[in-house]
Amino acid sequence: MVFVTSMIFLAFHMIFAEEKHVGHPCPTADVTIGKFKAIPFHYLWAEKVTSSVVNDELECTFFCIGTLKCYSFNIAVYPDSEGLYLCELLATDKYRETEKFSVNSTFHYYFPRSCEGAPCKNGAVCVPEYKRNTYHCECKPGYVGTICEQRGKTCSDIKSHSSRAASGSYVIDPDGEGGYEPFTVFCDMTDKNRVGVTVVGHDSEERMLVDGYDDEGSYVRCVHYAGAGLSSVAQLAGLPVASAHCEQFIKYECYGSLLLLDGFAWWHSRNDEAMKYWGGVASSNINKCACGLNGSCADPNLGCNCDTNDGVWRVDSGLLTDKSDLPVLQLKFGDTGFDGAGRDEKGYHTLGKFKCYGIA
Ligand SMILES: *[C@@H]1O[C@H](CO)[C@@H](O)[C@H](O)[C@H]1NC(C)=O
Ligand SMILES: *[C@@H]1O[C@H](CO)[C@@H](O)[C@H](O)[C@H]1NC(C)=O
């Protein structure tokens, strides 16, 4: 470690020496130390990146500037027997580790002046940019904005600001500060090419039986979306607005139960409007399922497999992708009584989680 450290020093001295020769401006003691603020007789008892002995504060300053992840340092007040000072480079600063900062008779503490006053919010790292005398903030996953002052609007927003954000629960605020309250969602940070997928679950994800409801839309399943802090559809509505794409899987397995034909089944959009297209088709394809787009339904003249309405189990499924209609608020089915041959007509519905991704 000492060897590596010495090598870094050497490299530094060489760089600065080189700069002198070619006439570039080189850091003088005043300027460089000026980029750090000293707090005399204080010590930050925190994770060290590395330590070494140096000739003076200036050398410790250069050492920190040239070391990735050095955000402040402690330097001994008194030299050792060889006349050198212990210089400890730290992976954090007094703002993030306030409780580890204390008065100390044998150390001075230095931190980058540009990060004075902890400009970065919500636990973000203030990364000094010495050359430009400024800083930038590395947000904690979940926060966005120049100084990490806001919750991410969506999981894609979060991912775009913290590329290493892992999948898990996050609090998002789709319509930004003010407006509707933030709420908790699951962020899948690996799906869809790792763009950050916002996933909202609900109480109707299981495969559910529809039986004994004969009239059009007489079976009603209201879908309630789940997430801490999520209490109204209005909160959820901001999510598709802030996202490039949204989708929700929908499936109906039927046994003699008509789907879209004759208006037996439909679903409600987030504006509570009756929707008469099925998964796998664009919203303009009224009364159509995926098979109806290319004439591949059980009866090629019909829009859906289930519309064949015979005594054979059939399926219509696919993704709903028109984000102005999503998420699904209600499912309505009918034609699950008995047919002319005395067969017990029935069906099963399955509705996937609501997912949005990309930045609008
Ligand atoms: C100052 O910090 C050093 C290094 O952690 C420690 O050994 C020493 O006890 C501290 N001195 C005081 C007076 O706190
Ligand atoms: C119709 O489209 C579906 C998927 O979109 C495909 O699987 C099927 O092979 C197509 N059928 C015909 C007859 O083109």
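Cβ from N, Cα, C; glycine included.
A disulfide bond in TrEMBL ties CYS120 to one cysteine from CYS115, CYS137, and that cysteine is CYS137. For CYS148, the partner cysteine in a disulfide bond according to TrEMBL, taken from CYS139, CYS155, is CYS139.
Under the DSSP three-state reduction, CYS139 (disulfide bond) is assigned to coil, being neither helix nor strand. Across the structure, CYS120 (disulfide bond) and CYS139 (disulfide bond) are spaced 8 Å apart at their Cα atoms. All chains included, 25 other C-beta atoms sit within 10 angstroms of the C-beta of CYS139 (disulfide bond). With DSSP classes pooled into helix, strand and coil, the tally for the domain 'EGF-like' (111-149) is 3 helix, 14 strand, 22 coil. Within 10 Å of the C-beta atom of CYS137 (disulfide bond) sit 21 other C-beta atoms, taking all shown protein chains into account.
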